[in-house]
Amino acid sequence: MENKQQSNGTMKENNAVKKKVNWSGSLIVTSLTGAFGSSFLYGYNLSVVNAPAGYIKKFYNETWERRYGFSMGEGTLTLLWSITVSIFAIGGLVGAIIVTPIVKFFGRKCTLLLNNVFAVAAALLMSLSLLAGSFEMLILGRIIMGIDAGISLSALPMYLSEISPKEIRGSLGQVTAIFICIGVFTGQVLGLPEIFGQESRWPFLFGAIIVPSLIQAVILPFLPESPRYLLLEKHNTRKAEKAFQRFLGKDDVSHEIEEVLAESRVQRNTKLVSILQLLRTRAVRWQIVTVVITMGCYQLCGLNAIWYYTNNIFSESGINHETIPYVTLSTGAVETLAAVFSGLVIERLGRRPLLIGGFGLMTLFFTVLTISLTLQNTVHWLPYLSIFCILAIIASFCIGPGGIPFVLTGEFFQQSQRPAAFMIAGTVNWLSNFAVGLLFPFIQAGLQTYCFLVFAGICFAGATYLFFILPETKNKTFHEISQAFAKRNKVTLEMQEMKHYPGERKSSEEQESNFTSSVDNGETKKGIV
């Protein structure tokens, strides 16, 4: 009877803790500022090349003719344009590869700050390319902007996952996806003919990149670094405690620090591991496979093909050319609303239903879109069905696959493994992005209206894998998520503790004693019990 009462009391305490979790001012400002100067720019650069595509191609042709005395061939122009679009992903791959040493030495927040150098440099190159008469400047700017995106899409989710309480970790993680969608929508709005979508104004589309970068550079220095990074990697208990207090909006953060130290005790190591070490670790084998498949499907599911070539798809659907820019706005609005909806419900529904359901719905609507595009010349209303399918595909993507892969990568791995895991995820992400951007025009030319069946198959395969493999991670600590994968990895938790990089173990006792001593000195109101 006493045990039941104690159990009920514990449950009430846990529920009370969950109810007390709120979004502090520092947490909100940090997430919004970090995302505005990072994932927003990624989304913006996905769509910004769409509206001025005709003017940029004309600029390429005129520059070529001025230099060599003859016009560029149609095949050469198509190839050069495909390279311009897809080279962004090559830069992203470079950024994803170099992010690990950067976040190790500079921290998560400072990495986002330093990353603005790439954004400003890219903006200047691309916006001045027309004035300089050099299309090479535009291509180089796209590469550098890709580096910025590659770094930010690893550093930002890492930062957000480490500063948020587990009760709202999914919602905060969705801020990355929400700002990607807002960036895409902003690129579409600014690309309208009434704004910058004119032959003489398209360089301003790229110059606008400087604005979010400068805003982030001004605000972010006044916000705290990741407390987990400060505690586990820098061993600075005092700064970690202050960071927790600001992010959580309360003075007593002893429970949060003990939770982080508990992870460190299980892990017995706070030294960053390499990709090779991570790949050799049996205890995270299925986590790595799941991240690779999820990130691969994130790019190969076909949404980037729709973002990159929206105008062509709407044109094939029979939409009037003058109306296309305004119809395109609907795609940005739908994806933003869907991403916000996902952020609101992710902590109620969980990651699994949104991710699997999103890929499942995309499979359905890609199939219907293929049928609609194939038969649109026979039935007058089918072009409108095609538009509906495009909007439905975008909404399905944004409710789950659009943001949850970044959340999962942050949730699956311990502190020392996380940078290497994000490097693996980023590499898969950007290689897949490059493949879609470069190959889709040729796939579309070869398969015609059946090209989207390829993406339907990828979405179906991803949903099937996740249905059988992915555990629910909602409201779970990193240790509990490792437990969920332990059986599938054929590793007991005891073996997992003993085999975590035996040559590099570092006990958390020193960090814990530091925190205890700070308690004794009166630096915090309550110690670890």
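The count begins at 1 with the first shown residue.
Keep in mind that glycine also has a Cβ here, set from the backbone N, Cα and C atoms.
Listed in TrEMBL for this protein:
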- 21-42: transmembrane segment (TRANSMEM)
- 31-474: domain 'Major facilitator superfamily (MFS) profile' (DOMAIN)
- 79-100: transmembrane segment (TRANSMEM)
- 112-133: transmembrane segment (TRANSMEM)
- 139-160: transmembrane segment (TRANSMEM)
- 172-190: transmembrane segment (TRANSMEM)
- 202-223: transmembrane segment (TRANSMEM)
- 288-309: transmembrane segment (TRANSMEM)
- 324-346: transmembrane segment (TRANSMEM)
- 353-375: transmembrane segment (TRANSMEM)
- 381-408: transmembrane segment (TRANSMEM)
- 420-441: transmembrane segment (TRANSMEM)
- 447-470: transmembrane segment (TRANSMEM)
- 500-509: compositional bias 'Basic and acidic residues' (COMPBIAS)
- 500-529: region 'Disordered' (REGION)
Give the one range among 21-42, 112-133, 324-346 whose Cβ atoms make the most pairs under 8 Å with those of the transmembrane segment (381-408).
324-346
Across the domain 'Major facilitator superfamily (MFS) profile' (31-474), average pLDDT on the 0 to 100 scale
89
For the transmembrane segment (112-133) and the transmembrane segment (420-441), check the count of CB pairs under 8 Å (sequence separation 6 or more) and say whether it reaches 3 or more.
no
For the transmembrane segment (420-441): best-contacting stretch of 79-100, 172-190, 324-346, by Cβ pairs under 8 Å
79-100
Which residues of the same chain, at least 6 past either end of the transmembrane segment (79-100), have a Cβ under 8 Å from a Cβ in it?
45, 49, 53, 56-57, 60, 72, 111, 118, 135, 138-139, 142-155, 272, 308, 419-420, 422-423, 425-427, 429-431, 433-434, 436-438, 441
What residues in the same chain, six or more past the boundaries of the transmembrane segment (353-375), come closer than 8 Å to it by Cβ-Cβ distance?
294, 297, 301-302, 316-317, 342, 345-346, 382-383, 385-386, 389-390, 392-393, 396-402, 404-405, 449-450, 452-453, 455-456, 459-460, 462-463, 466-467, 470
Which one of these stretches, 21-42, 172-190, 324-346, has the most C-beta pairs shorter than 8 Å to the transmembrane segment (139-160)?
21-42
